[in-house]
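Report on the following structure.
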Amino acid sequence: MAYNNRPDASTAFTFDNDDRFVNQQPKGPDPLSANWSYDSAIDLFSLNTMLPETFPLDIPNDMLLDPKDFPTDLFAPPADISGFAISHSGEDSLSSDQESEDQPWSPAYRVSSLDSTTPDAPTVSPRSTEKPATRRRTTTQKREQATRWSSSPEMTPQEYPVTSQATTSPAPAPVSPPAASTSRKNSRSLSTDSQTATGRNAAKRAAHNIIEKRYRTNMNAKFVALEKAMSGSGVQKPTKGGSGPASLKKSEILTNAIAYMQELQDQNAALQKELALLKQNLLPGGLWRHNKENDKFRT
């Protein structure tokens, strides 16, 4: 193996006739030789350590490929193999479908889409159309089953099938008990209100009765006193059945009182007249004057 200088980025690499990787850069002093020194004129910046040394490519003849074996279109599908081709547009390439790994991909669509300006309509195989339908059925079946987890970590989750709404919906509760309870409450409240109202009315009535009874007793006492005052004036009480005196009514007592008062006024007037005559016949020395008119008046 021949060692040469490390080429830089501008160095061109070619294959010669005997299949060896040869550097076209002219040879310079070898930095690893024994007579190398720091004083030697070496362009250290021209060395590129990233590029390897030239090495021979010893490839056997049976591994060499004949250009006739390569097809004219590298990206075209083989003629004897027919697979499932699915179009991959710009939107489908960014799709996040996690279950489309088993669907084949045809590279011919990419090459044809780049070469032609108007791509053909994508063809979808029946297998690819059946797959999403079956997956949708399985997902709907999984959603129909409700998984119930237990609060205890030792118990495993149990799956219970979700029954139909008609079977699980309970029968409507009867409305009569709440209505009866509300009616009872209303009746109780009404009864309590009526009881309180009747109690208040009874208290007012009792107080009024007490006041009225006291007034009647006082009035009766006044009428009795008036009746007793008129008994000495000659006013007789009417008899009831002729058996004896009976109590007068209030109206009769008032009538007798009016007559008695009139009689008293007449007597008072006669007395005042007599007093005036006596004053006229009385002398200043206390002597009484005798005349015929006074004698007639006395008689």
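A Cβ is built for glycine as well, from the same backbone N, Cα and C atoms used for every other residue.
What Swiss-Prot says about this protein:
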- 1-33: region 'Disordered' (REGION)
- 81-204: region 'Disordered' (REGION)
- 161-170: compositional bias 'Low complexity' (COMPBIAS)
- 188-199: compositional bias 'Polar residues' (COMPBIAS)
- 203-216: region 'Basic motif' (REGION)
- 217-264: region 'Helix-loop-helix motif' (REGION)
- 254-281: coiled coil (COILED)
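With DSSP states grouped into helix (H, G, I), strand (E, B) and coil, the region 'Basic motif' (203-216) comes out at 14 helix, 0 strand, 0 coil. In terms of DSSP helix, strand and coil, the compositional bias 'Polar residues' (188-199) has 12 helix, 0 strand, 0 coil. Looking only at the region 'Helix-loop-helix motif' (217-264), the predicted model's pLDDT averages out at 77.
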